[in-house]
Amino acid sequence: AKHPEIKALMKPDTNLIWVVLLMVLAQLVAFYLVKDLDWKWVLFWAYVFGSCISHSMTLAIHEISHNSAFGNRKAMWNRWFGIFANLPLGVPYSISFKRYHMDHHRYLGGDGIDVDIPTNFEGWFFCTPFRKFMWIVLQPLFYAIRPLCINPKPITRLEIINLLAQLSFDVAIYYLWGAKSVCYMLAGSVLGLGLHPISGHFIAEHYMFLKGHETYSYYGPLNLLTFNVGYHNEHHDFPNIPGKSLPLVKKIAAEYYDNLPQYNSWIKVLYDFVMDDTISPYSRMKRHLKGEVKQD
């Protein structure tokens with residue numbers, strides 16, 4: 001109400017389409033280039049290059065899940081494009097992520113609904129520096145398994161299509177360029193979503209390092225690789241504004257964001273999470289929802 005000009009930012013980001021196409025092309029070139037390398041170099045480049053592209057692609061899929069590529073009027077175009085963007089990750093992800101991520105926005109911290117909340121086992125077991133370090137390494141595994149434990153949903157037709165498209169792509173890469181290319185693809189996804197500087201955003205976004213503040217923003221340079229996902233307070237306030245425009249939200253409504261707690265380094269977030277005895281997977285706001293709950 002105070003800044004009506006923000007409404008002008010609620011429109012698709014067509015540049016996202018071209019960025020995703022370039023990232024898919026970059027990974028296809030990488031798949032070809034690593035096919036004859038020694039295994040040690042396959043894993044080296046999977047971490048140094050492939051992991052960055054893979055993690056960035058998951059955040060492109062995050063943008064697409066909010067219909068930022070083609071807009072709300074072409075919602076299905078976004079779903080198909082998300083399946084395409086998913087291909088260089090190696091595992092089907094896009095359609096299921098969209099279903100659960102909408103719940104995260106509608107019912108942030110909702111017990112039994114928001115699968116971004118760690119399970120009781122995670123909070124109980126990963127409570128020492130070494131165990132928390134291993135929890136970070138294993139984050140891709142927990143993000144894959146947690147929905148099945150907390151809030152399993154019936155499989156949809158689009159999820160089956162996502163699975164079949166991904167399997168067909170993986171088989172094609174193996175047939176064309178062999179096991180090293182497939183290993184590079186899968187290792188890049190696992191390493192990029194685990195112990196990696198960009199992965200600091202998983203913890204930075206909603207873990208309560210300060211009591212009473214459950215969502216935090218990060219305004220550092222890694223936003224260039226992550227479609228401005230660091231602007232997280234802004235994103236939750238306006239999830240229908242593409243990441244490209246979130247810095248403008250902060251600039252227009254600076255009085256609402258400048259004085260909030262914020263991060264300058266995702267690497268420091270990871271270090272503090274591991275070493276601070278007061279922080280663990282339990283350091284999240286959990287709500288017991290009342291009334292009608294509508295899920296995708």
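FYI, residue positions are counted from 1 along the chain as it appears here.
Even glycines carry a Cβ here, placed using N, Cα and C.
No curator has checked TrEMBL annotations; they are predicted automatically.
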Feature transmembrane segment in TrEMBL, mapped to one of the ranges 80-97, 134-151: 80-97
Surrounding residues of the transmembrane segment (80-97) on its own chain - C-beta under 8 Å, 6+ positions past either end: 17, 20, 23-24, 27-28, 31, 53-54, 57-58, 60-62, 64-65, 69-70, 144, 147, 156, 158-159, 161-163, 165-167, 169-170, 182, 185-186, 189
Same-chain residue ranges lying at least 6 outside the transmembrane segment (41-60) that approach it to Cβ under 8 Å: 16, 19-20, 23, 26-27, 30, 34, 85-86, 88-89, 93, 97, 180, 183-185, 187-189, 191-193, 196, 198-199, 225-227, 229, 243
Local confidence of the domain 'Fatty acid desaturase' (41-262) - pLDDT mean: 95
